[in-house]
């Protein structure tokens with residue numbers, strides 16, 4: 001078999017050092033962002049010399065630095081404070097509710113898993129090797145509960161820190177836009193990098209520390225140790241679900257209300273300070289797109305690591321206690337942090353953006369550079385981190401695997417992620433024909449726009465599904481379920497760069513909103529719009545990555561669950577499995593219906609409130625009176641807190657009810673059905689919404705002859721595009737992104753509760 005080149009001692013050093021480097025790098029980026037002062041000192045605006053190299057004439061700087069300088073900076077600071085306070089207040093309210101759920105679910109985990117052996121403290125035969133004695137089920141119950149709480153707290157922290165960084169950076173991006181688009185881009189991107197590196201490094205460090213602490217008790221019982229660690233993934237994803245759904249409802253209720261009344265009815269610009277919903281809209285970008293997304297990708301990372309570790313613990317790595325090979329998933333993530341660090345420097349230090357059209361290519365280069373460098377990184381890790389040949393557990397047998405085959409498994413996941421990213425970009429960027437066709441369909445009204453947008457979303461599913469299918473086939477052929485788990489990790493290995501690109505979008509969006517509200521010049525707004533349009537596409541790419549990795553993670557967790565529940569085959573011809581399959585395929589539709597309806601009913605209240613203010617506050621349209629922003633913020637907060645509970649309960653309770661009453665075979669059917677239908681709906685919903693949004697921006701920007709024919713703002717085609725964008729909002733920012741959590745969360749929950757389901761599950765079939 002051979003041994004890994006990298007010693008156990010070296011592994012113990014490499015993993016935490018890489019995590020600390022990631023945290024240190026994020027702090028350096030934060031210090032660089034904080035150099036932009038939110039004060040009205042003269043030097044804060046920079047000199048006009050820095051402006052000319054960005055391709056803009058000096059008069060712009062003079063215009064911004066003139067008499068209005070003090071008031072503009074003060075306004076930006078005030079607006080930033082309002083957005084930050086709104087976001088913090090919402091998250092604290094959300095976390096109070098989520099905290100109650102977290103404690104209740106932790107008690108549930110302890111009771112369910114502890115009851116497997118009647119809360120006995122005696123050692124029990126191991127699940128996969130009956131001749132060996134393993135730690136009692138009570139230990140698994142206690143440690144699974146602890147790791148669940150660890151994952152939940154880390155997930156909440158990831159989301160909260162991301163939101164704080166984004167609200168810190170938005171006004172600074174606006175102020176830097178006065179010096180040119182390049183300066184603003186760097187601030188927005190650095191801020192995204194702070195979030196990306198903090199999240200990737202924290203996730204890795206907490207998981208590494210948890211494994212080492214649990215090892216003190218478990219000793220040589222690695223099977224029990226890594227089974228208990230799966231709670232970490234469950235904690236991460238359950239918090240992400242509430243973050244994504246709650247944040248998604250908040251942001252889209254505000255966005256739909258602001259757009260429908262402000263743009264369509266009153267014909268005022270986006271983010272106009274006269275619009276009562278404008279602060280709630282900008283707060284929503286931070287709680288939905290930043291906090292929700294941060295928790296979501298952390299959950300994916302935690303689950304793919306847990307799935308790989310569970311399978312490895314019953315393979316030769318775990319049986320022979322090869323610690324370096326066992327921590328192969330963590331080594332991939334460690335190298336990923338170093339690769340992303342180098343990649344980030346290409347955007348912020350090695351090259352400078354001088355004109356608007358360079359923004360999107362710069363972001364795309366980040367994806368390409370990180371993927372190419374990561375391929376080399378994976379090759380090195382595979383060479384030194386795992387033996388030249390080893391065995392992997394494959395449903396009751398041990399499969400012989402070579403290290404080069406494992407490299408291909410991770411590599412195929414990594415490159416499939418890039419393909420999904422670029423296909424998503426093709427279907428959602430207004431630089432390509434699909435979105436331009438959608439924009440063109442607005443000539444004949446909103447109905448044709450909706451038809452074209454839906455068709456685009458369905459079509460955009462084809463290539464990503466083939467990419468995921470090929471990844472699954474290759475990785476399973478080479479290394480069984482472990483191959484699929486590390487393929488998912490490969491897709492997520494560049495998570496720091498992916499998150500930096502993703503967070504950059506909402507930060508730019510907020511910067512544009514602040515520029516509009518502070519009354520800055522048209523040219524400044526054009527620059528922030530250009531940053532935002534690129535960010536819109538990259539956000540769609542980020543969602544593509546999240547959904548693709550969720551499919552692989554879910555399948556890997558499904559494999560681990562089937563192994564742990566001792567199911568030899570999942571036969572769809574048996575009624576038990578087939579009923580599960582058909583019900584599981586229905587769940588994403590039920591879940592989407594709940595989240596869409598929630599956004600609709602919250603938006604209805606928002607529209608009524610915005611209309612009421614426009615009709616009853618004298619001088620509001622003329623700009624003489626100030627709208628009541630706080631009422632709109634309250635509507636969004638109350639609606640999202642109330643409405644996030646039913647979809648969350650659906651996802652969390654389904655595996656418990658099915659496993660307890662119908663047994664593990666039916667539950668395996670439910671998981672397979674939810675995975676197969678959930679991935680398709682998630683991709684089409686995200687891409688449809690992204691395409692409608694960018695079709696609207698294409699018309700608004702008027703950058704080509706075709707776009708100018710459809711415009712300007714306020715024209716009938718533009719109004720049709722705004723309606724399409726409004727329909728797409730809950731699809732791309734609430735239902736679509738939440739579905740990938742649904743498929744992962746149900747799978748990881750089933751795995752955590754598998755010992756209970758295998759022992760006591762299927763009550764109805766036992767009675768009858």
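Quick reminder: no glycine exception, Cβ is built from N, Cα and C everywhere.
According to TrEMBL, the feature transmembrane segment maps to residues 480-501, out of the candidate ranges 304-325, 480-501, 502-523. Of all ranges given (13-33, 34-54), TrEMBL attaches the label transmembrane segment to 13-33.
Of the listed segments 269-287, 573-591, 592-610, 611-629, TrEMBL assigns transmembrane segment to 573-591. Checking TrEMBL for transmembrane segment across the ranges 241-266, 449-474, 631-656, 657-682 points to 449-474.
When TrEMBL is compared with the stretches 367-392, 705-730, the one noted as transmembrane segment is 367-392. Among the ranges 97-116, 217-236, 737-756, the stretch that TrEMBL annotates as transmembrane segment is 97-116.
For the transmembrane segment (480-501), the most Cβ-contacting stretch among 97-116, 326-347, 449-474, 573-591 is 326-347 (pairs under 8 Å). Packing against the transmembrane segment (404-428) from elsewhere in the chain are residues 328, 332, 364, 367-368, 371, 374-375, 378-379, 382-383, 386, 434-435, 456-457, 459-460, 463-464, 467-468, 470-471, 474-475, 478-479, 482-484, 486-494, 536-537, 540-541, 543-545, 547-549, 552, 686-687, 690-691, 694: each is 6 or more residues past its ends and has a CB under 8 Å from a CB in it.
Distant neighbours of the transmembrane segment (184-211): 15-16, 18-23, 25-27, 29-30, 32-33, 36, 147, 150, 154, 157-158, 161-162, 165-166, 168-169, 172-174, 176-177, 225, 229, 232, 236, 290, 294, 297-298, 301-302, 305, 309, 327, 330, 333-334, 336-337, 340-341, 344, 347-348, 353, 359, 362, 495-504, 507-508, 511, 527-528, 531, 535; these residues of the same chain sit at least 6 beyond its ends, with a Cβ under 8 Å from one of its Cβ atoms. Beyond its flanks by at least six residues, the transmembrane segment (13-33) meets 6, 165, 168-169, 172, 187, 190-191, 193-198, 200-202, 204-205, 208, 327, 330-331, 333-335, 337-338, 341, 344, 348, 496 of its own chain at Cβ-Cβ distances under 8 Å.
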